[in-house]
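> Grabbed the feature section from Swiss-Prot, which reads as follows:
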{"type": "SIGNAL", "residues": "1-17", "note": "signal peptide"}
{"type": "MOD_RES", "residues": "18", "note": "pyrrolidone carboxylic acid"}
{"type": "DISULFID", "residues": "22-49", "note": "disulfide bond"}
{"type": "DISULFID", "residues": "41-90", "note": "disulfide bond"}
{"type": "DISULFID", "residues": "50-94", "note": "disulfide bond"}
{"type": "CARBOHYD", "residues": "53", "note": "N-linked glycosylation site"}
{"type": "DISULFID", "residues": "74-155", "note": "disulfide bond"}
{"type": "DISULFID", "residues": "81-127", "note": "disulfide bond"}
{"type": "DISULFID", "residues": "116-186", "note": "disulfide bond"}
{"type": "DISULFID", "residues": "120-169", "note": "disulfide bond"}
{"type": "DISULFID", "residues": "133-151", "note": "disulfide bond"}
{"type": "CARBOHYD", "residues": "164", "note": "N-linked glycosylation site"}
{"type": "DISULFID", "residues": "184-219", "note": "disulfide bond"}
{"type": "MOD_RES", "residues": "204", "note": "phosphoserine"}
{"type": "MOD_RES", "residues": "205", "note": "phosphoserine"}
{"type": "MOD_RES", "residues": "208", "note": "phosphoserine"}
{"type": "MOD_RES", "residues": "209", "note": "phosphoserine"}
{"type": "MOD_RES", "residues": "210", "note": "phosphoserine"}
{"type": "MOD_RES", "residues": "212", "note": "phosphoserine"}
{"type": "MOD_RES", "residues": "213", "note": "phosphoserine"}
{"type": "MOD_RES", "residues": "214", "note": "phosphoserine"}
């Protein structure tokens with residue numbers, strides 16, 4: 001049954017990618033394709049907008065630098081904080097669905113990707129004791145001639161920079177993410193996203209504020225079924 005769910009996700013992924021392609025960033029492909037040898041971001045290996053060699057930068061902890069951006073300007077991130085930061089990086093660089101939320105003003109960027117409240121709260125909890133100097137990681141850096149990032153402000157704890165998980169999710173990457181009012185029609189950067197994506201795509205022609213209660217109910221029902229299948233699969237492997 002879990003294999004059926006994965007197959008369904010592959011079908012959804014294929015149809016989505018034909019419609020949206022990939023973002024137009026410096027590491028993105030023109031269109032998603034399989035990358036079976038990914039070192040990280042394996043959630044997207046069956047249909048990826050990044051090449052496998054890009055993920056080498058994310059494969060070893062602690063992560064120092066990704067492309068021309070250093071992650072350790074205020075000291076190394078804790079492993080738990082690094083893991084969440086990596087999930088966001090993987091989504092932006094590799095997800096075949098990211099272009100569903102492309103920013104029309106800048107086609108290498110995303111806008112208003114719906115994240116689950118629980119994901120944002122867990123991310124904040126993981127990073128609250130780490131330090132940061134840029135409120136917006138996209139704009140609040142001093143960039144040198146090579147494009148590398150340097151702090152313009154002093155390093156402070158995440159818990160001082162951001163009030164809570166909602167503030168962090170809706171500030172750290174500028175307008176890239178928003179916290180969803182739904183607990184199902186939102187992304188968690190894990191396999192459960194295969195359920196949410198199907199229903200988010202069906203709402204793609206609607207205004208984001210007009211959330212369909214029927215879609216919410218259908219999503220919740222399928223999410224419960226998916227979780228049960230995952231639990232069943234885990235028990236079979238024991």
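Residue 1 is the first one shown; counting continues down the chain.
Note: Cβ is positioned from N, Cα and C throughout, glycine not excepted.
Here the structure is a predicted model, which means the values were calculated and not measured.
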> About how far apart, in whole Å, are the alpha carbons (Cα) of residue 186 (disulfide bond) and residue 219 (disulfide bond)?
10
> Of the disulfide-bonded residues 50, 94, 116, 184, 219, which sits closest to residue 164 (N-linked glycosylation site) by Cα distance?
116
> Considering Cα atoms only, can you say which of 22, 49, 127, 151, 155 is the nearest neighbour of residue 41 (disulfide bond) among these disulfide-bonded residues?
49
> DSSP on residue 151 (disulfide bond), three-state: which is it?
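Once the DSSP labels are grouped into three classes, residue 151 (disulfide bond) ends up as strand.
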> Name the residues of the same chain, 6+ apart in sequence, whose Cβ is under 8 Å from the Cβ of residue 81 (disulfide bond)?
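The answer is 126, 127, 130, 158.
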> Need the DSSP three-state call for residue 169 (disulfide bond) to compare against my parser.
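It is helical.
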> On a count of neighbouring CB atoms within 10 A, which of the disulfide-bonded residues 22, 94, 133 is highest?
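Highest number of other Cβ atoms within 10 Å: 94.
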> Where residue 50 (disulfide bond) and residue 169 (disulfide bond) are concerned, what is their Cα separation in Å, rounded?
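Distance (Cα to Cα, whole Å): 23 Å.
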> Please list, in sequence order, the residues in the chain of residue 151 (disulfide bond) that are at least six apart in sequence and whose C-beta is under 8 Å away from its C-beta.
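Looking at Cβ-Cβ distances below 8 Å from residue 151 (disulfide bond), excluding near sequence neighbours, one finds 73, 74, 133, 134, 141, 142.
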> Determine, to the nearest whole angstrom, how far the Cα atom of residue 116 (disulfide bond) is from the Cα atom of residue 184 (disulfide bond).
7
> Given the disulfide-bonded residues 74, 155, which one's Cβ is surrounded by the fewest other Cβ atoms within 10 Å?
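Looking at the disulfide-bonded residues 74, 155, the Cβ with the fewest others within 10 Å is that of 155.
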> Between residue 49 (disulfide bond) and residue 94 (disulfide bond), what C-alpha distance do you get in Å?
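Between the alpha carbons of residue 49 (disulfide bond) and residue 94 (disulfide bond) there are 4 Å.
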> Here's one to test understanding: among the recorded positions 22, 53, 94, 184, 219, whose C-alpha is closest in space to the C-alpha of residue 120 (disulfide bond)?
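Of all the candidates listed, 184 is nearest in space.
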